[in-house]
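**Student:** Shown below is the structure under consideration.
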Amino acid sequence: MARKARATTPEPSAVRPSTPNTTVDAAPKATPKTSTTTTTTSSSSSTSTVNLSANSSPFAVAGAIWDKYQKDTPQRTKLIDVFLGFLVAVGALQFIYCVVAGNYPFNAFLAGFAATVGQFVLTASLRIQTNPANKAEFSSVSPERAFADFVFGSLTLHFFCVNFIN
Amino acid sequence: MSTVKSILFKDPASTESTRSILRVLILLTIAAAAVASRLFSVIRFESIIHEFDPWFNFRASKYLVKHGFFDFWNWFDDRTWYPLGRVTGGTLYPGLMVTSGAIWHALRMISLPVDIRNICVLLAPGFSGLTAFATYLFTKEMKDSGAGLLAAAFMGIAPGYISRSVAGSYDNEAIAIFLLMFTFYLWIKAAKLGSAMWGGLCALFYFYMVSAWGGYVFITNLIPLHVLVLILMGRYSGRIYVAYSSWYALGTLASMQVPFVGFLPVKTSEHMAALGIFGLIQLVAFVDYLRGQVPSKQFNTLLRALVILVTIVAFTGLVTLTVTGVIAPWSGRFYSLWDTGYAKIHIPIIASVSEHQPTAWPSFFFDLNMLIWLFPAGVYLCFRQLTDEHVFIIVYSVMASYFAGVMVRLMLTLTPIVCVAAAITVSSIFDTYLEIDSPQESDDDSESKKPKKEKVKETGGFLSSKAPYIGIYSITSKVAVVGAFSVYLILFVLHCTWVTSNAYSSPSVVLASRMPDGSQHIIDDFREAYYWLRKNTPYDSKIMSWWDYGYQIGGMADRTTLVDNNTWNNTHIATVGKAMASSEEVSYDILRKHEVDYVLVIFGGLLGYSGDDINKFLWMVRIAEGVWPQEVQERKFFTHRGEYKVDHEATDTMKNSLMYKMSYYKFPSLFPPGQAQDRVRGARLPSEGPVLHTLDEAFTSENWIVRIYKVKDLDQFGRDHFSVSAFEGGKKKKGKKGGMAGRAAGKRGRRVARI
């Protein structure tokens with residue numbers, strides 16, 4: 001499948017939590033130093049390595065998040081994130097095409113766009129469900145069950161897409 | 001009632017398995033009761049399709065089983081809306097017909113060839129049993145299975161739902177309420193578990209609902225509203241994200257497969273709320289993820305601020321897009337939901353439908369009886385526990401209460417939630433008062449976890465009263481409250497049965513009346529007339545009538561109609577209205593241009609049937625006035641004192657209108673001179689009846705309810721019909737032979753035309 005082949009290609013910059021990433025790439029090293037230590041320190045009880053105060057600059061926060069992401073996220077979840085980024089890219093591409101070149105076979109556009117959006121949310125659901133941090137929330141959904149749900153949802157989604165795309 | 005009793009008096013030693021068997025038995029009993037009470041109409045009358053819309057659904061179902069699914073999908077119907085035709089396959093909700101078609105095929109497959117008519121007649125009762133089951137599941141998620149069984153029993157017999165689902169009422173609502181409840185159940189399940197599978201199932205049933213009823217918009221807006229309220233309450237969780245995203249992504253895509261819905265979900269304002277919440281929840285999920293990375297207390301406030309900001313931005317964007325015309329504005333029916341006076345001023349075609357009128361308050365009691373006062377208590381109980389699913393009940397009840405107050409028809413969407421809330425109340429009361437032991441704590445805790453067991457021991461509570469308790473723990477108070485509620489429940493069942501058998505079981509195609517000796521007399525004028533049309537007119541003749549009767553003519557008489565109950569073309573309806581409201585000179589022109597062969601009017605003046613065309617006449621005038629304000633004016637149909645009169649005070653415009661003439665043509669000749677009496681309007685008519693020049697009376701039914709006129713052909717000598725009748729009237733006096741002369745005259749007219 002072409003999609004699978006291309007899934008490996010996108011740049012790291014397409015990864016989801018990376019919107020401020022490009023500007024920050026150089027910053028994370030500097031963040032611990034620049035973070036001003038003011039009185040209202042938040043209760044940072046987590047394992048985050050970076051000490052952030054409430055007044056940290058947005059760049060610092062983003063850099064810290066990026067660092068933590070790189071460090072704490074399991075490899076599988078990162079794979080999911082790459083796929084998510086790919087879907088965002090494809091969706092954005094379709095949308096730009098629709099805006100630039102017109103939406104003439106509207107159902108085809110909708111089907112294609114809905115396929116990416118639907119796949120995105122289903123994958124994001126899978127990511128949320130399998131995240132160990134959310135274990136308490138999803139007491140009845142084991143990771144295997146989550147994957148089965150994901151397959152079921154994707155099959156349904158693509159069935160409707162194929163039907164709709166004409 | 002027996003079902004409710006059986007919930008209460010169960011074997012105390014019942015284990016979990018016997019309890020579940022009992023539960024199944026009770027549910028089956030409830031389903032049987034639900035089906036049985038809907039069969040009054042078949043027993044009283046016969047197995048017949050009711051009212052108006054069902055006749056179209058029935059006709060479409062017949063088409064489906066005869067021509068197959070694909071032909072049905074591409075069905076262009078040239079026998080309605082003459083001369084325009086209707087793309088029927090693309091302008092209906094196919095869910096109902098496909099369902100009955102599937103049942104028909106399934107029964108044939110197991111060698112049970114059942115007539116499609118019987119399937120159509122019995123579809124609604126069958127699905128009401130399923131609705132009771134769906135309500136049970138839904139309520140079980142809210143409280144427990146005891147409340148679920150009560151809710152199922154309420155739902156099975158509540159008149160508010162029965163009114164739309166008696167046998168023969170083969171309408172979209174017949175299956176839609178089941179789908180509504182089941183979709184909501186799946187939604188609650190999905191939101192509770194946070195499972196994409198339940199969300200996907202919810203989307204599939206949503207798809208079924210979309211294909212079955214236009215009321216799917218209610219779901220489309222209620223679920224996003226639930227999510228929005230949860231987010232604003234700070235109750236966002238990953239479960240909500242999973243459930244909502246999977247439902248929306250799949251459900252919206254699925255709903256666009258229905259041709260009638262098409263691109264509406266991305267283009268109209270009614271669906272924008274769901275889309276907006278979908279976008280919002282993505283943001284919220286992302287922010288929530290970030291918060292997991294950077295724990296800080298400020299984040300919560302930031303999140304809430306973000307939500308509010310996005311909502312405002314999205315709303316403004318929506319308004320801008322609507323104003324600039326990218327998104328279609330709200331449809332008229334939705335405006336009339338917010339401003340009850342809107343439809344009457346701007347869209348008379350919507351206001352003219354009786355089920356779009358605001359609800360009168362007694363009908364709440366009539367349709368829901370004691371449930372209506374238990375309903376607020378149930379909502380209050382939801383507030384006390386307030387988990388995510390209780391928020392759903394609250395949101396649902398607020399919205400549905402409002403809509404039910406605005407439109408009579410939407411009583412139907414209120415009924416399920418009233419049943420659920422009332423069941424929660426009653427079940428809580430029984431939980432509290434049927435406890436054998438008085439608890440040590442305050443009575444709040446007595447709403448215990450195992451209500452089944454406590455209920456079970458009620459009899460024991462009566463007899464083994466050892467310690468004298470005071471307050472609500474005393475036997476007296478227990479007996480009083482439980483006894484009172486048992487009586488209420490019995491009264492409720494009696495009321496429901498009475499309402500069902502008396503108010504909601506009339507097919508309205510066949511009318512029933514009582515003879516002086518109390519025996520039932522069936523008035524069958526409609527079918528008599530439609531059968532006459534079927535047998536005595538050419539297959540391709542065009543019948544003009546007011547749109548109410550379009551479906552019935554199409555279904556029973558199988559003749560081409562100009563307008564019908566699918567009111568998709570206002571101008572065409574206004575044309576018919578104009579033809580009815582204008583004088584003969586103008587009307588004849590319209591009739592010729594539309595190649596009308598017969599004109600059909602409903603007249604109740606002889607029998608006292610109040611739903612006749614003269615009473616609907618003002619709507620015809622109004623709708624026509626909306627299109628031709630110069631030519632048709634409502635004011636001219638009122639006397640100078642502003643009264644709507646048909647007697648000698650009637651205005652000239654009224655007396656000259658085609659409708660008036662057709663209704664009262666030869667009517668006075670039934671009575672002694674000067675005694676002609678219109679029983680509906682209680683008016684004494686002038687002894688000189690109206691004269692028709694361009695129409696011939698072709699048929700009048702036994703009780704004069706249906707009158708059919710044949711449009712005269714053009715005169716062979718090129719004269720207009722007025723000079724013809726003047727000429728004939730002057731030359732040779734045609735004797736009037738009383739009431740029956742009409743038929744003779746009809747035949748004579750046709751003979752003249754043929755020569």
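Here the Cβ of each residue, glycine as well, is placed from N, Cα and C on the backbone.
All TrEMBL annotations are machine predictions without curation.
Remember, it's a predicted structure, so these values are computed and weren't measured experimentally.
The compositional bias 'Basic residues' feature in TrEMBL is assigned to B:745-755. Per TrEMBL, the feature domain 'Oligosaccharyl transferase STT3 N-terminal' maps to B:22-421. Summarising the annotation, TrEMBL assigns domain 'STT3/PglB/AglB core' to B:542-592. Per TrEMBL, region 'Disordered' is recorded for B:728-755. The transmembrane segment annotation in TrEMBL covers B:21-43, B:91-107, B:119-139, B:145-162, B:174-207, B:213-234, B:246-266, B:272-290, B:302-328, B:364-383, B:390-408, B:479-500.
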**Student:** Considering only Cβ pairs under 8 Å, which range in B:21-43, B:91-107, B:119-139, B:174-207, B:390-408 makes the most contacts with the transmembrane segment (B:479-500)?
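**Tutor:** It is B:21-43, which has the most Cβ pairs under 8 Å.
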**Student:** With CB pairs under 8 Å as the measure, which of the listed stretches B:21-43, B:91-107, B:145-162, B:272-290, B:364-383 comes out on top against the transmembrane segment (B:174-207)?
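**Tutor:** Comparing B:21-43, B:91-107, B:145-162, B:272-290, B:364-383: B:91-107 has the most Cβ pairs near the transmembrane segment (B:174-207).
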**Student:** Take a look at B:21-43, B:91-107, B:246-266, B:364-383 and tell me which one has the most Cβ pairs under 8 Å to the transmembrane segment (B:272-290).
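**Tutor:** Highest pair count goes to B:246-266.
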**Student:** With an 8 Å cut-off on Cβ pairs and a sequence gap of 6 or more, do the transmembrane segment (B:246-266) and the transmembrane segment (B:91-107) reach 3 or more such pairs?
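**Tutor:** Touching, yes - the transmembrane segment (B:246-266) and the transmembrane segment (B:91-107) meet the threshold of 3 or more Cβ pairs under 8 Å.
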**Student:** Averaged across the domain 'STT3/PglB/AglB core' (B:542-592), what pLDDT does the model get? Just tell me the whole number, please.
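**Tutor:** Mean per-residue confidence for the domain 'STT3/PglB/AglB core' (B:542-592): 87 out of 100.
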**Student:** With DSSP, how much of the domain 'STT3/PglB/AglB core' (B:542-592) is helix, how much strand and how much coil, in residues?
**Tutor:** 32 helix, 5 strand, 14 coil
**Student:** State the non-local partners of the transmembrane segment (B:145-162) in its own chain: residues 6+ outside its ends, Cβ under 8 Å from one of its Cβ atoms.
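**Tutor:** Same-chain residues near the transmembrane segment (B:145-162) but 6 or more away: 3-4, 7, 23, 26-27, 30-31, 33-34, 37-38, 128-129, 131-133, 135-139, 177, 181, 366-369, 371, 411-412, 414-416, 418-420, 422-424, 426-428, 430-431, 451-452, 455, 492-493, 495-497, 499-500, 503-504.
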**Student:** Any chance you could find the range in B:21-43, B:119-139, B:390-408 with the most Cβ pairs under 8 Å to the transmembrane segment (B:364-383)?
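**Tutor:** Counting Cβ pairs under 8 Å, the winner is B:390-408.
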